[in-house]
Amino acid sequence: MATSWFSVLILVSIVFSCFLAASAGDFYREFDLTWGDKRAEILNGGRLLTLSLDKASGSGFRSKREYLFGRINMQIKLVSGNSAGTVTAFYLSSEGPNHDEIDFEFLGNLSGDPYIVHTNVYSQGKGDREQQFYLWFDPTKNFHTYSIIWSPQRITFMVDNIPIRVFNNEESIGVPFPKNQPMKVYSSLWDADEWATRGGLVKTDWSKAPFKAYYRNFNAYSWNSVGTDVWRTQALDATGRRWLRWAQKYHMVYNYCADLKRFPHGRPRECRRSRFL
């Protein structure tokens, strides 16, 4: 009998409990503050990290370690109030012009309007595989968990353990897939009011600065570091697929595969193979 998706979640929690307890939440050990001067801070003995944005600069951080496949989790509380024009990015990336990248970007909005989660996958320097979703909760009131599960077969984007997107490896039909370059974890808070909110129509209100995002309970594990193949071939089970359909039916606001004006000569090849990307 095939192992269910939720059974694998439980198994991984048990197998990695000691490993995660040792590495989760210690931002001093896991990350370097890379830009923004003192706008990025590690607090509470390494258990909390904050990023800040003002008119002079944003800020960011990067993991000390590289990962080649695995699961990356971060709890984030996003910029509150009028966050229009701001972008909080949480992503994996390698380096160089032919880099690979797996993106969460959270696009700010006017007070009371929902955040948009922008997702993208780059391979060999090429992205253009965007999907966007409205979050079904206020991500500024509490911390929520955002996860990237990356295997040689697929990439799964998850919000509070609910899958919102699956990008499958379709190299068999000539679609590049990120699988050869180790990547570090990055996050940044920056001004993108030329495009982030309603296509750039709504600008950043600097009277509301500084804008702040908060991070806690980071954990990450790669296949090699823990010596198990339990995630390597695991796909979503029926329950996971139902959650994925729910997220894509009720909360998706943009799908590159459905953008016929963008691809007048035919949709990308991977769009013809799977309903869920």
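Yeah, the Cβs are placed from backbone N, Cα and C, and that goes for glycine too.
TrEMBL: automatically predicted annotations, no manual curation.
So that you can see what the record holds, here are the features copied from TrEMBL:
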SIGNAL    1-24  signal peptide
DOMAIN    21-215  domain 'GH16'
ACT_SITE  Glu101  active site, nucleophile
ACT_SITE  Glu105  active site, proton donor
CARBOHYD  Asn109  N-linked glycosylation site
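When averaged over the domain 'GH16' (21-215), pLDDT in the model lands at 93. Sequence-distant neighbours of the residue listed as 'N-linked glycosylation site' (same chain, 6+ apart, CB under 8 A from its CB) are Ser83, Ala84, Tyr115, Ile116, Thr197, Val202. Cβ-based neighbour count (10 Å, all protein chains) for Glu101 (active site, nucleophile) stands at 19.
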